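According to TrEMBL:
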- A:CYS92: active site, glycyl thioester intermediate (ACT_SITE)
- A:4-154: domain 'UBC core' (DOMAIN)
- A:161-199: domain 'UBA' (DOMAIN)
Amino acid sequence: MANIAAQRIKREFKEVIKSEEVAKCAIKVELLNDSYTELKGEIAGPPDTPYEGGNFVLEIRVPETYPFNPPKVRFITKIWHPNISSVTGAICLDILKDQWAAAMTLRTVLLSLQALLSAAEPDDPQDAVVARQYKENLEMFKLTAKHWTNAYAGGPFVNTDCDEKIKRLIDMGIEEHQARVALSSYNWDLERATEQLFS
Amino acid sequence: MASSTEETIKDSTGDGAQNPETKEDEKKDDSMFECNICLDTARDAVVSMCGHLFCWPCLHQWLETRPNRQVCPVCKAAISKEKVVPLYGRGSTKQEDPREKVPPRPAGQRTEPEPGTNFSGFGFGDNSFHMSFGIGAFPFGFFTSTFNIGEPRPHAAPHGTQQHMEEQFLSKIFLWLAILFLTWLLMA
């Protein structure tokens, strides 16, 4: 069984390398071991989204029963998105669960994730805090997502206001990521974030 | 003469030196016949009603993995084991059997052509199926049994003998049976 999985990953690996998306630097796959069970994926943030310019690293684990069961994928790069956990990077996407089909490949999975970044589904959230912000205050969500893309994925967008607020919390002895999460969760309201952190 | 034949064979098997164009064409052709699940050239090939090609062992395992949601792995159309068509290439009889655990791939379905002029009864198989009901050859049976036309029968046993007695007894029993049967028929 594992043989089919390894055979297929080998073939898919070649397919991804040859694909035009790789030529455009939109997706990338790397092997992490010789048994073809652990891979590292990378997707570029799609244009005209808060993720534009960012580069997101994914952890891909191929189960023994692949391709009859989907690969286990999560974001290693921290990301602010309604369908991706800002804490664990777990992804809520139907094709990685019950809508998986055996003819899907690493390439189609990566492209689907890229599409998920362009079209969030706040009604089927993975991260409730992000989803609420997306629904209640879309501009605030975009600002936060852009800031995260800059902080973790190498995005070009720099928001000095956000950075300053984080710096103030760091000065109070809070760890940077913790400060960013608190501020993001409270719509960059420094007072409420501080309150939450010290309560 | 012999050498030229050899060359032809070499060329047709693809072992000979070929220009890159032909090779690429061959590759394209190969991928046309790749299983959509294992991405290898399909063996024991079957095709779904939506037209997607799979190895039978691969498709079987896919259907086993999700018994409640039997969809085509490519287009997610509804599929079932019964509705896939096996592909028999030339020399397919030489193919080795599918893996032990896998049931043999479903057989092809042959429908007999419609017969031209015959009314084929209820359409069972080749020969039409006939049914008829009736009281078997009523008038003739009546005549033959009553008047004994043209039927040489053994003479009745002479009076007084043992055989005569038995025959009388039997005929009486049959007479009563017949009367009983008729009355039952009338009552019912």
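Each residue, glycine too, has its Cβ placed from N, Cα and C.
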**Message:** Just to be sure I understand, if DSSP states are collapsed into helix, strand and coil, how many residues of the domain 'UBA' (A:161-199) fall in each?
**Reply:** 30 helix, 0 strand, 9 coil
**Request:** Give, as a single whole number between 0 and 100, the mean pLDDT over the domain 'UBC core' (A:4-154).
**Result:** 92
